[in-house]
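Shown next, in structure tokens, is the structure this report addresses.
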């Protein structure tokens, strides 16, 4: 230890004799895999199933790619697949940072290891597992689909190796850089929101896939591939294609580009690894957050002056601020707003669908009223210590409900208007709007009830939204709540159906005022009825929301 | 404040095993005991944050569980292990809790400004509490507990993890507060601190009160509260532990 500190960073260690790192890390990775399996039979089964499914899927892809040889547009597909594969590797350490424990360099910080030998061993270790095997199969398939001729086969073998290495190095480098990011609060906040990006990205892929299915053949991929073929490691696949066509210059360039990318990635990784392993992290040094102290005007901003006085306004302000500042709450809101808009739009664009899909927005935003106290985390004690009368409890719930309504009512209005405009079905507007408002009111009422009867903790870090052991409560509260919310809407739905059946289309506008009034009354009644329960169950709620 | 046969069990584990305690008003009272003695559980039950399995707690003649209106406005609490609303700035947190307590807005802002000044938090008033250090969190928690000028203040480990400068600030505020006739009840396992601050102590171990009374009485003939405490909780005989670790120390790593 004492000799190591005096030596400048970067010079090779001479004593103690550095152990052969590579076999050590390979063994470490294998034992981690083995121990992971040993934890429970369920995990073993899941692993075996995922292994079989992945291999079958990989084999299917390989077969399909080989069958596509010679079909027009296949090179474009191969390039695109490689690019997607790379993106997957890049995203994996961000979304599943604990998926591979050998990936976390901070675990090795206390050991006398140098970055350079570490990089080689870590890279080899990350090539063990199901994912890397799948990558090899897919890369080989992409290359096989475009390799025509002996020269192309030789280039193809090099390309496959390069693609796999670039993917692994990319994942490692990002994982290491991610460690730096995760030591700052803003980075952790972003990580929580990452799930949302996945959901929205999946929606984008879904739309793209549908577009592809509608068009004829793989040539629709050409424009995307025209760009991607210059980006490593997809350029390596293009190089194989070029070699098959005799364009050796371009083949060499494509391979060189990928090789250069590999070198640059390894260099970047080595640099971040050195920083991570030598610089103090947040556990030893208070992370300095520069941006949090930004000028928040001492006086309340414009919108805050519009809030009512007393407890209601105070609670509303806090709830709205949390919707923006707390990553978990923000994620809930963003998902509800995003999906509530996307669903009606997607169904409308795909043709068919009715204005009633706009009710999704009301449903999803109404769900924000669920588990209100769980969103407070254990800070709920501050609320609990100021609640002493039924009126306090009613105002507390009412403030939260109003905060939900302030966002939900205008948004639902916009979505219903937009859906009616998009489908050009203005006749349906009043009834759908009325039903949507009734649904919103019913969900606010049942949400308040569920918040009191079935509170559960929302862990502040990671992607989980329910603390371990409380998943059942969360599901029951959501499921029962939504069913009850639907049942509570029955009078309004009944009115709508009745008017339709009786052929009184001229009176359908009635659903709008009835639905709006019904929603408001149900919401207020629900809050009134649940308020005494809040007061009675304060300690129980606090215990339930303080886990994790 | 009077506690009568207070019980709390978590499964098989009894956290608090029948406490009877009467504490005088207007004193600086220390609740001391080793980790796991039940201090936090007791304070949570006394302040209405945790429901006891059995027993009564009276504060100023009002039952905490039957008459929360009278009790909650008179006490201030700083719990340990529970979070604050961390996504508010320090100033916003005080403004929020003060208005929840039903104080007029202007009064809240005035008191919050003064508390932030005294507690040396003015520079961080616009910073989110999530970015505060431990000492700053304790101080903003103390400010939130004092904002409505309670008669009794309950502090759970107020000096845990706090740097000496912040600790001195907290101490100054608490001494000024008790000087005006208010009561402070705080838990700690730092004996020197309790000895220098408190005039009344209650010693807890294994979920029971082992001794309570004016500090001189509890200390008895022992040279310091630390010795009296170790004797009371029966840890004196373990003090010579560590004789088997003969390889430890002396240089030459490995």
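From the backbone N, Cα and C atoms, a Cβ is placed for every residue, glycine too.
As written in TrEMBL, here are the features:
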type	residues	note
TRANSMEM	A:44-68	transmembrane segment
TRANSMEM	A:74-96	transmembrane segment
TRANSMEM	A:117-140	transmembrane segment
TRANSMEM	A:146-170	transmembrane segment
TRANSMEM	A:190-209	transmembrane segment
TRANSMEM	A:251-269	transmembrane segment
TRANSMEM	A:394-420	transmembrane segment
TRANSMEM	A:432-452	transmembrane segment
TRANSMEM	A:473-501	transmembrane segment
TRANSMEM	A:507-527	transmembrane segment
The transmembrane segment (A:146-170) touching the transmembrane segment (A:394-420) per 3+ Cβ pairs under 8 Å rule: no
Region pair the transmembrane segment (A:432-452) / the transmembrane segment (A:251-269), three or more CB pairs under 8 Å: no
Chain residues in Cβ proximity to the transmembrane segment (A:74-96) (below 8 Å; excluding those fewer than six residues from its ends, i.e. six or more beyond): 61, 65, 68, 103, 131, 135, 138-139, 141-143, 145-146, 163, 166-168, 170-172, 174-175, 178, 191, 194-195, 198, 218-219, 221-222, 224-226, 228-229, 231, 233-234, 236-238, 241, 463
Interface-richest range of A:117-140, A:146-170, A:473-501 toward the transmembrane segment (A:507-527), CB pairs under 8 Å: A:473-501
Chain residues outside the transmembrane segment (A:117-140) and at least six past its termini with a C-beta under 8 angstroms from it: 18, 21-22, 24-26, 28-30, 33, 50-51, 54-55, 57-59, 61-62, 81-82, 85, 89, 92, 100, 102-103, 105, 108, 159-160, 163-165, 167-169, 171-172, 266, 269-270, 273
